[in-house]
Amino acid sequence: MTAEERRNLRAFQDYVIKILDPTYILSYMSPWFKDDEVQYIRAEKNNKGTMEAASLFLKFLLELEEEGWFRGFLDALAHAGYSGLYEAIESWDFQTIERLEEYRSLLKRLQPEFKTTVNPKDILPEVSKCLISQECEEIMQVCSNKGLMAGAEKMVECFLRSDKENWPKTLKLALDKEESKFSELWTVDKGAKNIDVKVLEDDEMETSDIQIFYKEESECQNLSQNSCPSSEVSHIYTPVKPRNYQLELALPAKEGKNTIICAPTGCGKTFVSLLICEHHLKKFPQGQKGKVVFFAVQLPVYEQQKSVFSNYFERLGYKVAGVSGATSENVSVKQIVENNDIIILTPQILVNSLKNGTIPSLSVFTLMIFDECHNTGKHHPYNMIMFNYLDQKLGGSSDPLPQVIGLTASVGIGDAKSTAEAVEYICRLCASLDTSVIATVKDNLEELEGVVYKPQKFFRKVESRTTDGFKCIISQLMRETESLAKSIFDEIGTITLGISQIRNREFGTQKYEQWIVTVQKACTVFQLPDKDEESRICKALFLYTSHLRKYNDALIINEHARMKDALDYLKDFFTNVRAAGFDEIEQDLTRRFEEKLQKLESVSMDPSNENPKLKDLCFILQEEYHLNPESRTILFVKTRALVDALKKWIEENSELSFLKPGILTGRGKTNQNTGMTLPAQKCALDAFRTNGDKKILIATSVADEGIDIAECNLVILYEYVGNVIKMIQTRGRGRARGSKCFLLTSNAVVIEKEKINIYKEKMMNDSISMLQTWNEAVFKEKVLQIQIQEKVIRDSQGKVEPVPDKENKKLLCRKCKAFACYTVDIRVVEECHYTVVGDAFRKCFVSKLHPKPKSFGYFEKRAKIFCARPNCSHDWGIHVKYKIFEIPVIKIESFVVEDIATGAQKLYAKWKDFHFEKIPFDAKEMPK
């Protein structure tokens, strides 16, 4: 240990204190530390906290004179799992740890929402590699002893000390995998990116974000009851004979025609796509090969279809692989496409790959299959892919284009009011997919109807409570909580983040939930000069909105279930709040709730407050099971909290408890206690299919599409309605003969909307039948004219550039606000990279050799650049050799843009959002 190393350890001790829990390494330091010192450090942690214990540990450490203690300290860090801290001290380079500071700041800000929405036990297996093993054990122990909220607080505490460079991204992926609502707020990582994009950028230059379109549904496409494996696919595939209607659906596509296959939920459209795919690959002569891409929008569907295609085609000698947003970091899309015959993709992967040139054009494929193709519209990734296809088609390219197949249960008709308008809508969908054939079952309808039964539909108008004491009390609590949130901004004379629009919202609605999400998202980017004040305000606001969300949830439960269930929901929440950190704001909000608790208990126990909707639901169930004791029912409801409430109601109702309800909810998590994993969903479905005692399944929209429950003969939509596509898919769950579908609602508008959907379904079917009578050449010409018109509009919109702001502006370091450069000195290199000319900027940054130097095109990445101000060292970008020039390349998210005249400051995440006058790089400006 040299004097310099001792000085360095003192200089960087703040980093060590922030990260190290010394109790994890004390056992490795026994040769150097006395027993009483060890006990003193442990006591300091218990009495004052981890940072105080780390500070005491360093004091003892730096006083040591024995040989080898410094190497012993490094070895102890390595043994305990502090790899990031070990590397930083060994090289005396803390830049990697410093870069994590912005993630720590955001997590501190979001902590109130994290602890109410994230179940730490669910994500721990995914994030454990970013934590110390003892921390993982402690998190589980806190969860067991004090509850999930306290466990989530402990997990946040551990992340704030993590020295692992990738913990923010690992947390993001874990949240995405669990479809956690919190993932929407954890935006510091912009999502998984295509690894090929990053050859030059390496996170320092702008890349295209992957957008994975998540829905609550967990589709496990039925491959027909006896045709193909279902969601749990066997590794041994048994070939089976396709049904005649499936061959009819596949015929136009087998003839090489671009086709939309429109057939009911549950008829085995995925199996039809397997037949088409097999025929397509086998038709190529020796020496030529086909290449198929299958798109699945939802991640669970992607996983399931990848298994289905692998099991079906690998036995035939074809190679199958897939890439989704969750896996794109670890694979090369280019190599996956080149080396396989069938590629399963979430569509944004291909959008990104076409944009950055990883995939040169769609001509590399010979067949494209779009699952749920009715999504092809507006800015959906399906449409982005087809824009590329149509630009190639209409641009006169000689390169061959792939065949296009679309799969859907309903093409929809949009806002059409007449058959003529519906025909036009469907023609536009066909134009978007370049199809002129819509395949439906006509010749084998009897066989289809033997597989997919259309249930009889009934509408039931039910009554709501005439008076609602529970809602009055909770609404008062919500008004008080809103006032507390608003008062925070009154303190600093600021009305922002949507607080001022509170009066326009109604409690107990989805609209109110959306407002909460909007406020929380705005809060993540809220800034004040005083960072402590900023942190205090944001934390308080997250606490208030988290409590408002729970009250809003309780009002929705109260509206559709028992007051008792709504009150239990709130009592459970406040019990968890008490067991966790329980700061001053939480204590105040809990006190306010508990002051009203006795009144709430009283109204919820009053028999006169029974929900009349439940009486009607009980009557229908009793009547149907009296007529058919073997009935199998799916009860659809809007929210997962309602699933739990209605399950309790059935179990506690002596007239209904014989139904032994099961539940099925989506994977997405809005709080700690909801959200089902894929295996749990499968267990619930298997139990419903095979266990005769389980007569009812209570489900959210997760069961809308793609789940095979062939024996279900009763579907009840409890205040549940959607568009015509959702209606067809939901009704498709009632597949048994003699099945019925009831819509129960207190809202006459909902019944009217459902009747309109039925009318629209008929209009859609009539329109499809009309289009099927058209001459194919006429249909193709109609499609072509729409495509030409749309391309003209698209091209004209694409050419509208925002007017650049020619006023000179300052760029300040985002972390310390030190001056960096003026916009007049910024130059654009190769259309998408930004450098700064002039010697003045070079004095504002320091550079360090890049840990992963790499060459790409004309660029050679050599160093990283950081703010030169002492104690800042904020990451500004990289230093490259471009052709013969040594230039810095900066990233806009590292800076604050300040208007010179007004002093107003603004943040930008991407250069494309910053509309200043962009001057191209000119070699003549560079010094000789």
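Cβ atoms are placed via backbone N, Cα and C, with glycine included.
As annotated by TrEMBL, Zn(2+) binding site applies to Cys813, Cys816, Cys867, Cys872. Around Cys813 (Zn(2+) binding site), taking its Cβ as the centre, 22 other Cβ atoms fall within 10 Å, counting all chains.
Sequence annotations record features per position, and here TrEMBL assigns domain 'Helicase ATP-binding' to 250-429.
Annotation source TrEMBL lists domain 'Helicase C-terminal' at 613-779.
Positions annotated as domain 'RLR CTR' by TrEMBL: 797-928. Sorting each residue of the domain 'RLR CTR' (797-928) by its DSSP state yields 18 helix, 64 strand, 50 coil.
Excluding Cys813, Cys816, Cys867, Cys872 themselves, the residues of that chain whose CB lies within 8 A of the CB mean position for the Zn(2+) site are, in sequence, Arg814, Lys815, Lys817, Ala818, Ala868, Arg869, Ser873, His874. The local packing around Cys816 (Zn(2+) binding site), expressed as other Cβ atoms within 10 Å of its Cβ over all shown chains, amounts to 13. Cys872 (Zn(2+) binding site) is surrounded by 15 other CB atoms, counting those within 10 A of its CB over all protein chains shown.
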